[in-house]
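Here's the structure, in structure tokens; my notes come after.
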Amino acid sequence: MAHDQSSRYANLDLKESDLIAGGKHILVAYKMKPKAGYDYLATAAHFAAESSTGTNVEVSTTDDFTKGVDALVYFIDEATEDMRIAYPIELFDRNVIDGRFMIVSFLTLVIGNNQGMGDVEYGKMIDFYVPERAIQMFDGPATDISNLWRILGRPIKDGGYIAGTIIKPKLGLRPEPFAQAAYQFWLGGDFIKNDEPQGNQVFAPVKKVIPLVYDAMKRAQDETGEAKLFSMNITADDYHEMCARADFALEVFGPDADKLAFLVDGYVGGPGMVTTARRQYPNQYLHYHRAGHGAITSPSSKRGYTAFVLAKMSRLQGASGIHVGTMGYGKMEGEGDDRNIAYMIERDECQGPVYFQKWYGMKPTTPIISGGMNALRLPGFFENLGHGNVINTAGGGSYGHIDSPAAGAKSLRQAYECWKAGADPIEYAKEHKEFARAFESFPGDADKLFPGWRDKLGVHK
């Protein structure tokens with residue numbers, strides 16, 4: 001049985017409202033269950049100790065100052081498994097170079113050793129609150145979706161839906177076919193991203209692919225009269241490799257460098273990779289991909305943290321945009337209520353699962369919607385979210401269109417315009433060919449979402 005530390009690391013008389021008003025603590029909410037035979041409060045206190053100044057025994061080197069920065073359990077509800085801990089902001093590591101906060105220190109404390117404690121069955125972080133002073137000390141985004149809207153010639157407020165795709169197949173295209181796939185989409189759409197495994201494969205080296213992609217962009221811009229955007233994957237183990245890829249691409253794009261975003265796989269690569277991109281390339285849109293996150297964020301996982309927490313951290317780190325799933329409308333795990341993830345990262349204040357968070361003017365992070373989306377699924381998605389100020393990267397939804405990738409891109413745009421106009425999708429399809437052909441391209445979705453569509457659109461098997 002662990003040493004009971006509740007007299008030091010718990011104070012259930014503390015009021016959450018007072019802690020928030022004081023502005024000196026980061027508050028973290030968990031779902032925590034002790035292992036059988038362990039007391040809830042004692043386990044919670046041990047959890048707080050391991051997450052701050054303590055260990056499993058008293059040590060002789062502890063002094064009064066140390067006790068002043070203890071993390072404190074201030075709320076528990078054993079029946080609902082709710083546990084909340086207040087962490088003094090002095091606990092968290094600061095940069096030597098500029099005194100700023102870092103997410104690695106936050107993660108090390110609030111979701112570090114406590115994930116492997118012998119008396120804890122599970123503990124999952126579901127929300128956290130950051131006071132104004134700590135908000136000021138995180139980098140936050142340098143660019144946001146308004147920068148992209150400006151490039152696209154749109155209003156910088158409520159500039160609307162950015163129709164994007166992912167080059168498919170995700171691997172196996174050589175440089176010329178890769179660039180041709182980009183060109184075909186750009187004839188109808190706005191934004192292309194590398195799929196997360198695409199980098200510098202021997203059959204598609206970066207130094208051959210990127211010049212061809214830029215040439216494809218210029219040709220598409222000339223043909224359509226519209227600006228185009230490309231998000232390049234610079235994910236790598238090594239800082240110098242990341243910068244080598246980024247610097248090469250910036251040189252290639254030259255006068256169109258503002259149309260180049262940098263994608264980092266922030267979950268597998270870690271916070272250091274996100275910060276490298278944010279600080280070394282503050283003029284570029286920072287595209288946070290989250291491959292692998294489901295290992296801990298999935299509702300089926302009892303440990304780690306939620307997708308909501310991951311997205312909220314990404315804004316602090318400086319992500320211009322982060323993938324947030326499809327809220328139950330695509331192929332990825334999720335549900336309609338996940339829209340709160342989008343609201344938290346795009347608004348200046350928002351109610352989370354537990355805490356009301358103010359961002360004090362920190363730039364927003366764009367929700368990026370990806371994973372099994374196509375034109376037929378978009379109207380319902382927008383209705384659930386309540387707006388269309390997102391980037392949507394639809395790979396299969398574009399390259400799977402029966403006519404062409406350009407037609408697929410146009411069908412995505414038309415789906416947004418359909419929702420924006422409050423139109424009936426079937427009636428809208430009758431006047432918009434690419435959207436109508438999306439019904440034939442994705443008949444399984446059409447049957448499920450719009451029963452009777454064949455007769456209404458005059459399409460027969």
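Cβ from N, Cα, C; glycine included.
Look at Swiss-Prot and you will find N113, K170, R290, H323, S370 tagged as substrate binding site, backed by sequence analysis. Marked as active site, proton acceptor by Swiss-Prot: K168, H289. Taken from Swiss-Prot, the feature Mg(2+) binding site covers K193, D195, E196, and the record attributes it to sequence analysis. Annotation comment: Swiss-Prot describes K193 as N6-carboxylysine, evidence class sequence analysis. Marked as site 'Transition state stabilizer' by Swiss-Prot on the basis of sequence analysis: K331.
Structure coloured by features recorded in Swiss-Prot.
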residue : record                       : contacts (Cβ under 8 Å, 6+ apart)
N113    : substrate binding site       : E50, S51
K168    : active site, proton acceptor : A181, D195, G395, G396, S398, Y399
K170    : substrate binding site       : D195, E196, P197, Q198, G395
K193    : Mg(2+) binding site          : G164, T165, I166, I167, F230, S231, N233, A261, L263, H287, H289, T393
R290    : substrate binding site       : D265, G266, Y267, L310, I322, H323
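Cβ neighbour count for E196 (Mg(2+) binding site) (all protein chains, 10 Å cutoff from its Cβ): 19.
S370 (substrate binding site) counts 24 other C-beta atoms within 10 Å of its own C-beta, drawing on all protein chains shown. In the three-state DSSP scheme, D195 (Mg(2+) binding site) is classed as coil. Here the binding residues for substrate are N113, K170, R290, H323, S370. Their largest Cα to Cα distance works out to 36 Å.
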